[in-house]
Amino acid sequence: MTAQDPVVLRLAGIVKTFPGVRALDGVELEVRAGEVHCLLGQNGAGKSTLIKVLAGVHRPDAGEIVWQGEPTSFSNPQAATKAGIATIYQELDLVEDLTVAENVFLGHEPRTGGFVQRGRMRRSTREILGRLGHAEIPVGRAVGKLPAAAKQIVSMGRALSYDARLIIMDEPSAVLAHDEVANLFRVIRDLTAQGIAVIYISHRMEEIREIGDRVTVLKDGRTSAVNLPARTTPTAELVSRMTGRSIEYVFPDRPAPAADRPSAPLLKVEGLTRHGEFTDISLTVGAGEIVGIAGLVGSGRSELLETIYGARRAHAGQVRVDGRSLPAGQVGAAVRAGVGMAPEERKSQALVLDEPIYRNVTLASFGKYATGGFTNADRERKAAEKVADALALHPRDVRRPVRTLSGGNQQKVVLGRWLLGQGTKLLLLDEPTRGVDIGARAELYQVIRALADDGMGVLLVSSEVPEVLGLADRVLVMREGHLIHEAPAAQLDEETVLDLVMAGSLLEVTAP
Amino acid sequence: MTEPGNAVAEAGGTPPHTTTAPADARPPRPGKARGGWWGGDASEPVRRNLGLVGVLVLLYLIGVFSRPDIFASGARLWSNELTVLTQAASIGVITIGMTFVMISGGIDLSVGALLALASVWSTTVATQSYGPGVMIFTALAVGTVAGAVNGILIAYGRMVPFIATMALMVAARGLSQKISGKLTQISKVDTINKIAETKVLGIPLLVIIFGAVAAAGWILLNRTTFGRRTVAIGGNPEAARLAGINLRRHQVLLYALSGLCCGIAAIMVTSLSNAGSSDHGNLYELQAIAAAIIGGTSLAGGRGTIVGSVLGVLVFTQITNLFIVNNLQLEFQLIAQGAIIVGAVLIQQFRVAALRRPAPPGA
Amino acid sequence: MSRTPGDLSRRRLLMGGAALSAGTLLAACTSNAEPKTSDAGQTKTGSGDNAAPGKTVTIGFSAPSADHGWIRAITDNAKKQAALYSDVKFTQVDAGKDAPAQVAALQTLIQQKPDAIVLLPQDGAQLTAAGKAAMQAGIPVINLDREFSDAGASRLLIKGDNYGMGYAAGLYIGNKLKGKSDAVIAEIAGIDSLPLTQDRSKGFKDALATFNLRVTNRVAAQFTVQSGQDVTANLLQAASKIDAIWNHDDDQGVGVLAAIKQASRKEFFMVGGAGSLDVMEHIKAGDTPLEATVTYPPSMASSAIALARLIAQGKGLSDLVELQVPKQIVLASETITKENVDKYLPLGFRS
């Protein structure tokens, strides 16, 4: 990018009000052709709303959008797409049962007289994927069978199929493992070289440094800084623009290896196997211990966690908690034995979004507050409030629907579910900090460590190697369905783990 | 060993260095503050159902305008409305069961056929010879067992509810025709026939049963673990499963409950018409679904109220009554019912959209 | 906390036992065996030469199998009548659930080359072509009740008289309410979209008009017991005082009578329609407001079989001078009252 590159998009004084809240309160933004413009801001700062304004989902109440020199107003998402603005949401909006080609051309299939020209569609898709450096993705495969990284490429392919001049990416790296992010950056550089502008949203400072050209910071619906140079602006300044104070990525101290730890492990997994997902996994987690599993998306780590929990039925092997064997494929038995889980997809796997916070907190235990089958909402609310206080949940009103909470707070609700005094001994955490902002992350780390200090065993899966290394006592490395390494976290560094974790290309790590 | 779970609050309550989020970053409050005696759990359904109460008032006003001799006279209005409630009783009981099934994200197309089967099975010459007790037991048992079959097909046979209950809809009609030999089985048992004629303190017994079933349904849905599981399963089946709720067992129970409601309704219809017939409950599945939907129950599951369903049934029954007392023909009635379904669903969609709008922005 | 396997199995056994005995009881409850069997709708074989066995003929039969007493009686009567003749082979094909299904069934029947076909169509107009095809194949078609749109599609038409039925009901009510110009007369029709319902209503209206009377309240049910009860319960609210009710259909009449009983209303009299056994028994007993019913006799199926046999054997009606069976027979709708009910009881069908 150079200063001579034309400005493709300019926002001035954008205001968007929802009942009871001013989500955007005067936002400025300037994006040039061929640049990667990073958008920074805490959860709740208005990033999502701003994206939706650009994507034509919301219409601003006031302010001006100038797109390629013309004052514009998008009445719906189709209008924005036609104008050349494509948005890739955090939760990819692909149709899992359709093929790659069908997804790329969804809604604007090449056709003659009402008939889709499938051949032409496939050829164009192949060409677009080639432009993205991923010609190896089979255009005829159902998208649901692709790994997350490949899905993201397909989403970008869809943007290109519309001849987009501006692509908005909402936390694209959140679902990607380390090497896949590098891949993504290569694709982004290719795009910008073709003059396409990118608005890039991420919580990860190192990514912004690497890929970004300029940064605009949002705070409470306002722009607190515009067009800062992405590579040279000190982190401290960026953070203070976001929050008004500095936040460090702090991990709590590990306790000294305790001699008094019970000798029998809390969780003992032996020879656990699910064909095509993982093979012959044996591991232990002690009481008070945090064990981290590092591995790429598709390495079988999430499937392993769900199998231990009984959400998937093991084909072979055994899971013992406190020496007692758990029946395969029965979540209820695992919960009764004191196992809790925070699954990878909060919204689709963990929360009933329209139900109030307290009912989500007590989802696994409302029976314990009931007398003779009659629920006791007061007791549930009080218990939930106690947990909400302990976890510093925002907002405190536990009768609000969970849908209205930010990602970090939703994650607290899921964690809180297992902290109600129902005797949870073992927590299985799958990507506990995905989509959670920096401040809330540190809090979550503290909470997790505090739980372990109090005797709970934790088995943690994360795509972020520093998180696994910083938080866990012991680290297991998983690759292609096998446990390939185990060591105390203190004896590992990021590069070693990455070396172990990385292998193969995008598709080789697919779960078949 | 220690009890880690008990330590929740203490453990999390004083994390070593809690980083407090900026005070001004808290998500916004909804437009109106909650409170007052209607606050809490009850407020949502009450507000949602005010529209239907409005429709009922409107229907009453149309009645006053078109037939003041009935709707503006105390005694005749009382008698007329008791008739409306009596005629609403059987479809009302079915709709209560349907509401549970729909809130759980399912659907039960077999209700009309199960009613017919239960009515026929309980009015055969053989059953009648055992007397009213066995007739009632038979109707309830047949309904419950057939409902459980629905549930087993869905939960353990992994069939889509639409398909499983459609299969039973067809099969149960067939079986009831086979049993009855396509004859109307006239009830000669006076106790059964008298149910529909009995009044307690001036209120028809059928209306009292309907009220009791609705009240029990309300308590079951809003105040018991059964109801909570139902809402959770409908709101997010995967989350419910991962929270340790036994999804399959609950599904079987839900469809059995719907079947039990069919059995109760079968006794009501048998008593009202003095006969069991494989024609009973014709199109009840559609009427019950329509009533639940205008009462605010979502076809996608997770949302619905008993009060709304009862109001929905009353709206439809009152419309039928209004058309007949005004000597108008059936076709207009069908048009009016269609219009009300569309209107009610549109209103609810706007309301749901309004409820969800104040979601905080932010990334 | 934990349950021993023994507990569990015993519990299962107990529950299984309970379920089993309940099941046995329930299964026993499906029995519909009547203490006495009625031979309703049974007719006679005729007399004279025509009763004597002739050459053996095959008669094909097709009628809808709706869940309705009258329709059911049609099939029953046809079967019974055929069984009376030693020289008749009776072949029945299922009419399926709609007209196209019956057309298909009929084609199969034509392939079998019966000597005559007795057909109650799902829909007269839609089966006309099929009737024609049979006639062209040299098979005489006896069209029962629902009339083809082309007279050439059948050798013989036997039908009831819907208009006449309504007219007869109107005459009965008119005669009783003569001169009472403000009389409240209610009509409970069947399925309103059917031509037969419209014919009945027109006959009723026309007959009442000759007495300067009119239908003040009209509702339509669905030919089912439950719908009969439902519309009647509301109808009785609409009119606090009624002089007379005509109900088109005795099947739905079971529900109509139940609603009247539940409302404890007695101030009016009622006329039924079709002539079911149940209704005739009520007329005879005088225990309901039901005073009369106008017939639409399912015995026409018995006559159709008898005449199909004669046509196939090339015989005529013995009381007619002509050598062949006539082209069209329209049955008169008769009025059954307490006075003549005994005569009609054997023709009553179970609803």
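Residue 1 is the first one shown; counting continues down the chain.
A Cβ is built for glycine as well, from the same backbone N, Cα and C atoms used for every other residue.
Pulled from TrEMBL:
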COMPBIAS  B:11-24  compositional bias 'Low complexity'
REGION    B:1-38  region 'Disordered'
TRANSMEM  B:50-70  transmembrane segment
TRANSMEM  B:82-103  transmembrane segment
TRANSMEM  B:134-156  transmembrane segment
TRANSMEM  B:201-221  transmembrane segment
TRANSMEM  B:252-272  transmembrane segment
TRANSMEM  B:284-301  transmembrane segment
TRANSMEM  B:306-324  transmembrane segment
TRANSMEM  B:330-347  transmembrane segment
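Distant neighbours of the transmembrane segment (B:306-324): 45-46, 48-49, 52-53, 55-56, 59-60, 62-63, 66, 80, 83-85, 87-88, 91-92, 95-96, 98-99, 214, 217-218, 221-222, 287, 290-297, 330, 332-333, 336-337, 340, 344; these residues of the same chain sit at least 6 beyond its ends, with a Cβ under 8 Å from one of its Cβ atoms.
By the count of Cβ pairs under 8 Å, the stretch nearest in packing to the transmembrane segment (B:201-221) among B:82-103, B:134-156, B:284-301, B:330-347 is B:82-103. For the transmembrane segment (B:134-156), the list of distant contacts is 97, 106, 108, 110, 114-115, 117-119, 121-123, 127-128, 164-165, 167-168, 172, 189, 192, 247-249, 251-264, 266-267, 270: same-chain residues at least six beyond its ends, Cβ to Cβ under 8 Å.
For the transmembrane segment (B:252-272), the most Cβ-contacting stretch among B:50-70, B:82-103, B:330-347 is B:82-103 (pairs under 8 Å).
Only residues 6 or more beyond the boundaries of the transmembrane segment (B:50-70), in the same chain, are considered here, and those with a CB under 8 A from a CB of the stretch are 76-77, 80, 294-295, 308, 311-312, 314-315, 318-319, 322, 325-326, 340, 344, 347.
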